[in-house]
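Heads up: the structure comes next, in structure tokens.
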């Protein structure tokens, strides 16, 4: 059995109050997540996690979709409280009756407790049954006036710690426009206006990771000026992206073929940012031209 404590968050609350967004937010924070776990399986699941010692952060959605929820939840909570290796917190999501009715009408889904099909009756019944659990919850969040992004921000603020800063990371990548834009890019910068090393015979087969190409790209006055503007733009906005709860920010820099100019710029940017942020550097098309030539 593990000697490390497992941080367990049970996500529950009113149906339609935002539990799907919540569990996705916990996943972005590095939690192992399970949606709609039958309450009876929770103790066995936690015992397995303790034995394997694979994760110390777990978030489970347990709600009215589990039909025996109210018969089993109290005994499960008692079991967890007796286990010294488990630190339990309950997140209860709520919203006004009118907002929940509006959300159900929008999605055209039926309420799990609306036996006669009347959503409002199901909401009222569920709210009554959840009173004891709500009173036990350490975190109660009313999502009536929250957008999904705002709810993610609330969860990040309440459940992330300083050690979770690595849950926000930066991906710096180079690419070639001739092969298409990266579909997952958040910020895209075009350096095709810079002098192209491709037209220097001695540099053509090298890449922006080679010192000769890097120096050729960066020694031009317009390159240095643009890079300084780029850095001045990116550095101040990174904390804002992190604050908004974004888990990965992908910065893509493109040139024509993705072999020279964009590689040099992406590499320099990664070098300058990596001291302050978790970062991964990649060059999508750096070998694309060579592969194409070899196939022809």
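Numbers here mean position along the shown chain, with the first residue as 1.
Note that Cβ sites are derived from N, Cα and C of the backbone, with glycine treated the same way.
What you are looking at is a predicted structure, and each value in this text was computed from that prediction instead of being measured.
Over in Swiss-Prot, the protein carries these features:
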BINDING   13, 14, 15, 16, 17, 18, 19, 20  ATP binding site
BINDING   63, 64, 65, 66  GTP binding site
15, 20: which of these binding-site residues has the sparsest Cβ neighbourhood within 10 Å? 20
Neighbours of 13, 14, 15, 16, 17, 18, 19, 20 excl. site residues, C-beta within 8 Å of centre, ATP: 22, 63, 93, 95, 143
I'm trying to understand the geometry here, so how far is the Cα atom of residue 16 (ATP binding site) from the Cα atom of residue 63 (GTP binding site), in Å to the nearest whole number? 11
Test of understanding: give the count of other CB atoms lying within 10 angstroms of the CB of residue 19 (ATP binding site). 22
Could you measure between residue 17 (ATP binding site) and residue 63 (GTP binding site) for me? Cα positions, answer in whole angstrom. 11
According to DSSP, folded down to helix, strand and coil, what is residue 16 (ATP binding site)? coil
